[in-house]
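Novice: For reference, the structure I am asking about is given below.
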Amino acid sequence: MKQILHIISSPRIEVSASRKLGNSVLEKIQEKYPDSVVKERDLTKNLVPLLEDVHINSFFTPAESRSPEQETINQYSEGLISELQEADIIIIESPMYNFSVPATLRAYFDYTSRAGYTFQYSEKGPEGLLKNKKLYIAFSSGNIYSEGPYQAYDSNVPYVKNVFGFYGVTDVSVFRAEGLSIPGVMENALEKGIESIVID
Ligand SMILES: Cc1cc2nc3c(=O)[nH]c(=O)nc-3n(C[C@H](O)[C@H](O)[C@H](O)COP(=O)(O)O)c2cc1C
């Protein structure tokens with residue numbers, strides 16, 4: 001039985017291409033693993049708070065010394081991290097917003113990137129602590145970034161891969177609905193992205 005974590009980050013709902021692409025990835029995974037269990041983490045609901053002094057302090061204060069407020073913040077972060085730890089398969093919907101990920105997703109990583117939980121440092125350098133997981137990235141964009149002159153503008157897919165790679169998740173597949181603003185490409189961009197989905 002596979003545990004799937006489905007992370008949603010587009011602030012758009014009905015017209016969201018990354019949601020449609022991510023849902024198609026989820027459907028295909030469920031076809032392959034019919035008894036899988038899905039946990040949805042919609043980052044556009046109950047927004048992850050932007051990091052302030054109090055949040056960072058709570059992460060670095062030993063459990064026995066935390067104030068009740070710090071304890072609440074820490075438990076919230078640990079809850080997000082435990083969803084990642086429990087997942088065998090992670091689907092992350094990562095639409096392109098101003099050359100990067102939506103602010104909701106960036107804020108999420110501030111709460112999941114924690115030494116001793118998702119990574120650790122030793123004399124050998126950093127080591128990811130999330131092992132044996134598969135990541136599927138459902139990417140959508142107005143322009144084209146997989147090839148051509150705007151490849152270097154993509155601070156989305158390489159960034160998400162780097163964050164998860166740092167966590168130890170290196171088995172990654174990327175599916176793209178791209179060119180959604182380019183006449184002549186946009187008409188079939190989502191369909192092409194959906195057709196490219198292969199669950200390995
Ligand atoms: C606020 C905003 C910023 C955007 N920034 C970019 C961008 O930098 N590059 C790009 O190719 N497309 C950009 N787009 C287009 C989106 O990537 C495209 O609409 C994509 O479908 C968004 O995913 P979604 O439909 O799941 O929200 C932007 C769209 C919006 C609304």
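These residue numbers are counts, starting from 1, taken along the chain as shown.
Cβ from N, Cα, C; glycine included.
Those TrEMBL annotations? Automatic predictions, nothing curated.
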Novice: According to TrEMBL, S16, A17, S18, M96, Y97, N98, F99 bind FMN; which one of S10, S24 is annotated to that same site?
Specialist: S10
Novice: Could you check the binding-site residues S10, S16, S18, N98 and say which one's CB has the most other CB atoms within 10 Å?
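Specialist: The largest 10 Å Cβ neighbour count belongs to S18.
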Novice: By a simple count, how many Cβ atoms lie within 10 Å of the Cβ of Y97 (FMN binding site), its own Cβ left out?
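Specialist: Y97 (FMN binding site): 18 neighbouring Cβ atoms within 10 Å.
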Novice: Rounding to the nearest whole angstrom, report the longest C-alpha distance spanning S10, S16, A17, S18, M96, Y97, N98, F99, listed for FMN.
Specialist: 17
Novice: Note down the number of other Cβ atoms within 10 Å of the Cβ of A17 (FMN binding site), including every protein chain shown.
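Specialist: A count of 25.
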Novice: For the binding-site residues M96, F99, which one has the sparsest Cβ surroundings, going by other Cβ atoms within 10 Å?
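Specialist: Checked M96, F99; of these binding-site residues, fewest Cβ neighbours within 10 Å: F99.
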